[in-house]
Amino acid sequence: MAPSAVSVESGVASPDLGSLPRSLTTTFDDTLRFYLNGTRVVLDDIDPEITLLEYLRGIGLTGTKLGCGEGGCGACTVVVSQFNPTTNKIYHASVNACLAPLVSVDGKHVITVEGIGNVKKPHPAQERVAKGNGSQCGFCTPGIVMSLYALLRNNDSPSEHDVEEAFDGNLCRCTGYRPILDAAHTFTKKAPAACGNSKANGGNGCCMEGGGGGCGGANKNGDDQPIKRFMPPGFIAYNPETELIFPPALKKQEFRPLSFGNKRKRWFRPTKLEQLLEIKKVYPDAKIIGGSTETQIEIKFKAFQFPISVFVGDIPELRQYSFKENHIEVGGNITLTDLENVCQEAIRHYGEKRGQIFNAIYKQLKYFAGRQIRNVGTPAGNLVTASPISDLNPVLLAADAVLVAKSLGDDGIVETKIPMAQFFTGYRRTALPQDAILAAIRVPLTLENNELFRAYKQAKRKDDDIAIVTSAFRVRLNEDGIVDQCNLVYGGMAPATVAAKTANSYLLGKKFAEQETLEGVMNALERDFNLSFSVPGGMATYRKSLAIGLFYRFYHEFMLILGSNADKEAVPELEREISTGQEDKEAASAYLQETVGKSNPHLAALKQVTGEAQYTDDIPPLKNELYGCLVLSTKAHAKLLSVDASAALDIPGVVKYIDKNDMPNAAANHWGAPHYQEVFFAEDTIYTAGQPIGLIVATSAARAAEGARAVKVKYEELPAIYTIEEAIEKESFFDFFREIKKGDTKEGFENSDYVFSGVARMGGQEHFYLETNATLAIPKHEDGEMEIISSTQNPNEAQAYAARVLDVAANKIVVKVKRLGGGFGGKETRSVQLSSIIALAAQKTGRPVRCMLTREEDMVTSGQRHPFLGRWKMGVNKDGKIQALEVDIFSNGGWCWDLSAAVCERAMTHSDNCYNIPNMHVTGRICKTNTMSNTAFRGFGGPQGMFIAESYMNEVADRLGMPVERFREINLYKPGERTHFNQELNDWHVPLMWEQIMKEAEYESRREAIAKYNAEHKWRKRGLAIIPTKFGISFTALWFNQAGALVHIYHDGSVLVAHGGTEMGQGLHTKMTQIAAQALNVPLENVFISETATNTVANASATAASASSDLNGYAIYNACQQLNERLAPYREKLGPDATMKDIAHAAYFDRVNLSAQGFYKTPEIGYTWGENKGKMFFYFTQGVAVAEVEIDTLTGTWTCLRADIKMDVGQSINPAIDYGQIQGAFVQGLGLFTMEESLWMRYGPMAGNLFTRGPGTYKIPGFRDIPQQWNVSLLKGVEWKELRTIQRSRGVGEPPLFMGSAVFFAIRDALKAARAQYGVKAKVGAEGGEDDGLLRLESPATPERIRLACVDPIVERARVLPKEGEKSFFIAI
């Protein structure tokens, strides 16, 4: 769950935590004993405040990563093997180490990624992910490997469904997931009689599973042998017998009650219920902790203190269950994973009809959080947390479950039964007595007949997402079909889980199977949930429509069961199939060379999958090292009245407070060329929430964070601007205006049959690289030297600004980058803020200083993709030929310049996408707002410009009554034509790829099939879209288009390459070593790139703009050519069989220089704004994508059924790397256009602050959001006559991202069908107006926006309109 936006008071520490009171009769041990990677560990000096992750990283096991700190990304996944008291078996649980308290591993076996294999001897799971191209930046990879490992340890023959489910708690921002799944599927076996509907494969049930006859969907092998799992050739075979055993000593280890702590905090770990109740009696305020999935978030993000904490996960009595005649009794502390299995066992025991409630619980748990959370989370924890959006609580309330609380009285254990209807007393409040614990839950059964129980959940994303609305419905009928019992319960509709009182009251006693009853209940639900437009949580119309729509679904399922007239199409929920995909493996065969053109895996992949790859924060602590924590503003716009750090400096361990006064001069506090408007530390005015005010430096990260919280800041608030629309209204702009003119738009409009206008709007996007910004600054104590190790895409700029704030020359600063855990543009400039501040702290303290931002800090400080708004006006003829276009483009730059000017310029140059518009006028403005400064993000304005283009193409096509694919095709550029910025299109292959993919994707036949499907389905609609893209490759700032390289050849023939680019997962180093190996004619393994550093290659441009392979590749090639010239006589002399070792040795003794510096600058380019002259880009990377989606219009849920992508990347240097970039970019684009939504708080003490500041509230695509069928190919069989890049390759990092919009426009296509069903269509020839029937869809197309774009009677009756002056709860910029 994401950090709360509301400040809550923390608990107060007890004064006597160092000793135990005499009233506790239990004898407690104070020593932890567990196994770690097969080795026994005994700890008796334990810090009670650290997590398992902090312990592991503290002892050097840094393969386990910190990605979010809230259990939402899976980067910290480890396996904890333990004897499970529920099942009496050994279970290997994947666990989020960032949440697990250290006390929880006593008596267990902790296995980290280092414990299962290494580079020399990897585990099969590690090897297959690495060699299957499943690791790019590698930061998420250890966690993904450990989730796969946990699956294999518990089930060495998993089904395909098991594999996809195993990763539901893991995120990856780089790969697009497809290669990871392909690698994992090599471990699967299919059962001989399993059909697609089998529960084993994730379906609703196969006929044979119920004991029926033969299944038509079964595999017919003629024998009972399972289908053999696929074993890739040359891979290590998986043998479960060779795995780490569960230590025999742990089987015998007695679980002893534990107690340890210090004066700040004390832990208890009872092993019996009586011990727990005694602790609770002595310490009524003690925090009871099962899985710590909520508690650790409260500690980390809300600064709660729980001086007395009791871990209850090792009390067997609380983890039992029993089947009774009319109910199941489940221990309150059974894990949710075990509860899933108990529910399935209960269904088998009682049958489907009597076990409906357990089916509902199982269904809700299936999509509750990730497996790592379900492995430790408990139903008792879920209940006492009292979340209003709990997935489980509505089910228990609707079922009339009874909770059993226990406490210790004077005469022994006191048992109290609490009906669920009486349990929730308000927001996050319950009726549980303070000295009691929730011991058990009694869940009743349903009747054999005439009773239906169902549960539903709607969220932004299917897997691992908090609910928007949850519900559970129970209705029981008598023999006459009259409702004699009912309970309709909702979560997400009120401050607590609530029953719909009016609806329940109305429904009771009514004849169920009558239309009047349905209508009456829906009317009653409207009264029960009469939400205001500004309701907390927002989405008033959507939530209200879900409340009604989910009951509508339930009602018609019951009608179907009763054999009455039902709307049967409303009943089934949208499910997805197991995903599959294909790549054209022969794409490079025509130009394959010895090294270049081969699909070599990422060179660091094996290091990444084994946890050996080192990132910035993995560097071992240095002597006297300090830790920094930023003091950030909490106001969006304010005068800074005072800052008082005295309380922070009184905290033991806090060393210093640093702010603007520590700068060598006033100018040094300013940065961001060319304007130098941004400040490292706030001065007199705060311009955005999250702006750095100062830095606390302390002896540990925890003390630094505590110190930062203690700094007192006083503000005088000022009016703030957030959105583009507000900025336009208040004329808040940066001093920036650009325009591009081609032809005469006035004449073009006059000669057009129609003139249409419209507005395109899209939101921003958080980078969500898995590794947050991190820096380690090491002062050298001579001449002001400083070494800075930073997770930056821009070492040169990090060096320049560090020199500025330290008041030394740049030659005294060395910036080094080994690798980044993802960047995507977010670490191009924004990383400089942190590295400069930390460098200053290191100088002022004279000690090394380290800082790795938390996910929350990173998201509120680092900026996002720019939101854009485009106002367009188009002249077009009846035949579909565009005559003229005017576009006014506005971007939200945030509070300072950053790279907003260049981003806006690129958006303007891409606002034509692939369409020839003879008369065009584009203008660009940057809005100045009070959000964090928006910055570079993969695509750098290109996707925003192309989205505006495809929006006007769609809307104009609808107004012409023309299929949009036909409208696009009519206006596609032809080879040799010129863009609106006057650049000729050479090697133009979009029309060819359009033609090819139309055939390969069977577009026309699928279009017909979709039309038929939509005509036959009321609540399900499918859509199809084909989207082209062209992306200009070059920095638009001319001076950045240069690169240097340094190549050394050593005596032994090995080659060391240094270049200015940084490795952030895109495979740059892999491609560069291939180029060097090919150029020098040596084996690939002879070439090595260690790191990127400013003292080996100076003045390097940022790794950005998809140009790094072009620039650095040619610089390396240039250096190699120099060396080849010097070595040519020795090659000739020693013959063709001579090795590089022989050649280098001979040259060395002749005193030949075996080092060469290479250089390259992009030729021909140079554009002049205003004159519209010159070549803007060196070339264009091109592509075409087709996507098909299906939407559930009742809820707004969607799935991508199929995507086909064809890219022109020239002659690929490494097809495997390029496919990875295409897939990763496509999924990132899919997220941008369909689910990733940044929201700000409008009201309360945190008004103006970012709300979506972690994976709990900000959703990127997961494993089960990718296309179900996904085909990717590279253009082949053509000549690239004009392409003069290294190896004739094209840049590929950014261009594929926009093709993810094909999913957005397919959703729009499906929505058109949904609206047409109710007579709402765009009026042909209409030039606008509220009633023109045109669908105007903003990006992202979230489930909420999809549902609200529908016009069916349910959503229409649910619409909530704002009162005068009323605004929504959240701000979407």
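Along the chain as shown, the residues are counted starting at 1.
Positions of Cβ are set from backbone N, Cα and C atoms, glycine also.
Marked as domain '2Fe-2S ferredoxin-type' by TrEMBL: 30-116. Sequence annotations record features per position, and here TrEMBL assigns [2Fe-2S] cluster 1 binding site to Cys68, Cys73, Cys76, Cys98. Annotation comment: TrEMBL describes Cys137, Cys140, Cys172, Cys174 as [2Fe-2S] cluster 2 binding site. According to TrEMBL, the domain 'FAD-binding PCMH-type' annotation covers 260-448. According to TrEMBL, the FAD binding site annotation covers Phe368, Asp391, Leu438, Lys457. Positions annotated as Mo-molybdopterin binding site by TrEMBL: Gln793, Phe824, Arg938, Ala1105. Residues or ranges marked as substrate binding site in TrEMBL: Glu828, Arg906, Phe940, Thr1036. Residues or ranges marked as active site, proton acceptor by TrEMBL: Glu1294.
Cα distances from Glu828 (substrate binding site) to the binding-site residues Cys73, Cys140, Phe368, Leu438 are smallest for Cys140. Put simply, of the binding-site residues Cys73, Cys137, Phe368, the one whose Cα is nearest the Cα of Gln793 (Mo-molybdopterin binding site) is Cys137. Other residues of the same chain near the [2Fe-2S] cluster 1 site, with their Cβ within 8 Å of the Cβ centroid of Cys68, Cys73, Cys76, Cys98, are Leu53, Lys65, Leu66, Gly67, Gly69, Glu70, Gly71, Gly72, Gly74, Ala75, Asn96, Gly143, Arg855. With Cys137 ([2Fe-2S] cluster 2 binding site) as the anchor, the candidate binding-site residues are Phe368, Phe824, Arg938, Phe940, and the one with the nearest CA is Phe824. Around Lys457 (FAD binding site), the C-beta neighbours below 8 angstroms that are at least 6 residues distant in the chain are Gln364, Tyr367, Asp391, Ala467, Val469, Thr470, Ser471. Closest by Cα distance to Phe824 (Mo-molybdopterin binding site), from the binding-site residues Cys140, Cys172, Arg906, is Cys172. Within 10 Å of the C-beta of Cys137 ([2Fe-2S] cluster 2 binding site) we count 30 further C-beta atoms, all protein chains included. Counting other Cβ atoms within 10 Å of each Cβ, the recorded positions Asp391, Glu828, Glu1294 show the lowest value at Glu828. Distance from the CA of Cys68 ([2Fe-2S] cluster 1 binding site) to the CA of Cys172 ([2Fe-2S] cluster 2 binding site) is 12 Å. The Cβ neighbour count for Phe940 (substrate binding site), using a 10 Å radius and every protein chain shown, is 27. Burial estimate for the binding-site residues (Phe368, Phe824): highest at Phe824, by number of other CB atoms within 10 Å. Once Cβ contacts within 10 Å are tallied over all protein chains shown, the binding-site residues Cys172, Leu438 are led by Cys172.
Listed recorded positions near Ala1105 (Mo-molybdopterin binding site): Phe940, Glu1294 (candidates Phe368, Phe940, Glu1294; Cα-Cα distance within 10 Å). Nearest in space to Glu1294 (active site, proton acceptor), taking C-alpha to C-alpha distance over the binding-site residues Cys68, Cys98, Cys140, Arg906, is Arg906.
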